[in-house]
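Straight from Swiss-Prot, the features:
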COMPBIAS  271-285  compositional bias 'Low complexity'
COMPBIAS  423-440  compositional bias 'Basic and acidic residues'
COMPBIAS  451-460  compositional bias 'Polar residues'
COMPBIAS  521-531  compositional bias 'Basic and acidic residues'
COMPBIAS  532-550  compositional bias 'Acidic residues'
CROSSLNK  Lys48  SUMO2 cross-link
CROSSLNK  Lys216  SUMO2 cross-link
CROSSLNK  Lys418  SUMO2 cross-link
MOD_RES   Ser46  phosphoserine
MOD_RES   Ser153  phosphoserine
MOD_RES   Ser175  phosphoserine
MOD_RES   Ser249  phosphoserine
MOD_RES   Thr394  phosphothreonine
MOD_RES   Ser454  phosphoserine
MOD_RES   Ser544  phosphoserine
MOD_RES   Thr622  phosphothreonine
REGION    126-282  region 'Required for interaction with SMARCA5'
REGION    154-171  region 'Interaction with NIPBL'
REGION    258-285  region 'Disordered'
REGION    287-403  region 'Interaction with WAPL and PDS5B'
REGION    362-403  region 'Interaction with STAG1'
REGION    423-488  region 'Disordered'
REGION    516-557  region 'Disordered'
Amino acid sequence: MFYAHFVLSKRGPLAKIWLAAHWDKKLTKAHVFECNLESSVESIISPKVKMALRTSGHLLLGVVRIYHRKAKYLLADCNEAFIKIKMAFRPGVVDLPEENREAAYNAITLPEEFHDFDQPLPDLDDIDVAQQFSLNQSRVEEITMREEVGNISILQENDFGDFGMDDREIMREGSAFEDDDMLASTGASNLLLEPEQSTSNLNEKINHLEYEDQYKDDNFGEGNDGGILDDKLISNNDGGIFDDPPALSEAGVMLPEQPAHDDMDEDDNVSMGGPDSPDSVDPVEPMPTMTDQTTLVPNEEEAFALEPIDITVKETKAKRKRKLIVDSVKELDSKTIRAQLSDYSDIVTTLDLAPPTKKLMMWKETGGVEKLFSLPAQPLWNNRLLKLFTRCLTPLVPEDLRKRRKGGEADNLDEFLKEFENPEVPREDQQQQHQQRDVIDEPILEEPSRLQESMETSRTNLDESAMPPPPPQGVKRKAGQIDPEPMIPPQQAEQMEIPPVELPPEEPPNICQLIPELELLPEKEKEKEKEKEDDEEEEDEDASGGDQDQEERRWNKRTQQMLHGLQRALAKTGAESISLLELCRNTNRKQAAAKFYSFLVLKKQQAIELTQEEPYSDIIATPGPRFHII
């Protein structure tokens, strides 16, 4: 594209054109009218910078679209103007005359209504006040509690008067003070009055008897059936029914302020025909003045009182006083602020970056102990192959070895592991092998020339299978323990003279025996590993790339030694192929794995060709195209 970005940018000269070509809906009417098509077309035909043919074509398309929009808007405006002109000058429309061009005042003005504020109020009789108040008035039955009263004489009397006169008529018969039962009945008629008021009630009854004896035969009323008028209204000779009642003695009404000794004086002035009651003779204790005992009913025996209502005070939860908490420390000193600024442990975390390469990421995922001991070196996607691999990871210990291990018959752990690693060795010959090993280990110090070469194969079967410490260290350890002039018993001297022919050479000659380089390859590797460990201890600051280079160099040396050994073996024996099973005979697992890996590296470099007839069978190596070149 031969154009600069500023030409088609948002504020460029051709921005509207480019937008119209690609996003026509984004343009507004104002953008269309602001766009100058003449200058735009000139800038497209003769641009200041070079533009591609495709870009100029897009810009011309935008010009066409903007021109189309302008023509469309112009046509719409013309149509609207034409319609308005046509509606304004349509035929049949007559102009208004001069006098009708202005609207009437009443037609455009709202009428104003002024109310008469001097109007008299309506009459109160016209307003139904009772009906209005009855709406908010409840019935008595709804707002009043029902009173449950016991056996009262009000319901039993049908005569004139609201109160019964049973006790008073009994006193008129003159038998009121003959028995003490009258006092008990009088006290029983009152429900809530205390028994100490019996004396005052008796005095009141006596005063009523004296007052009513004057009107015993005035023939007013029905005799004993006297009512309230008999007691109150007709109580004076001079007054009529509607006159004010005469002033009664103070003994008629019990007042709380009146002391008790006044009643005692009135009791002494009264003389009755019958015997005096014991209450009137004995001195009466002064009764405490209580405002609650005041009553305005003339006859207290006929009055009743409601039972007290049990008022239970609701326990309100006491409001807890809100305690204002004020921070004692109002300012932070400079030491605290400096400590907070210097402490950045809460915002710093350990750096955990992902490995830079996929290979390192895979090593990190599968480099743990749990992965190394449960997964193969290569990823197996098939579950059946993975099961076949994991089945060999947990070998079963033979039953006799397990019993011997539990019974403590094995001398040490190394001996137990040797027996476990070499189950093909007959159990009957183990004692003889121990004796032979003792015979072999001791004369190595004195005659290492012939005896060591003859017994190397047997020591490989027993010692290297369990991965014991290297022979030079064992020799040094035994040399330190043995005296410079060892005393050899005669039995051991006889065993030393046994020729090596008596050892069981039942196995066929091995390739490692023909070529000592293949046999000494693991020992050389051990020595190199020791040297490498010493170098690693001295150089702890090497990078991971250097470690990988050292590992690759080590594998290259091991592969070179394996290749030279195979070349010499094929040259000496004249064979066309070498068996891996034959090569790994009498070696431990680590040595066999190293040889197998060397085979794979040589196969990758096309030095040898590997064939295998079936899974888990022997691998045959034949010379490859680069067998003699590398």
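In case you wondered, yes, glycine gets a Cβ from its N, Cα and C as well.
Structural mapping of features recorded in Swiss-Prot.
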residue: Ser46; record: phosphoserine; Cβ contacts under 8 Å, 6 or more apart: none
residue: Thr394; record: phosphothreonine; Cβ contacts under 8 Å, 6 or more apart: none
residue: Thr622; record: phosphothreonine; Cβ contacts under 8 Å, 6 or more apart: Glu576, Ser577, Ile578, Ile608, Glu609, Thr611
Excluding its own, the Cβ atoms lying within 10 Å of the Cβ of Lys48 (SUMO2 cross-link) add up to 10
Could you find out if DSSP has Thr622 (phosphothreonine) as helix, strand or coil? strand
Helix, strand and coil residue totals from DSSP for the region 'Interaction with STAG1' (362-403) stand at 23 helix, 0 strand, 19 coil
Taken over the region 'Required for interaction with SMARCA5' (126-282), the predicted model's pLDDT averages 52
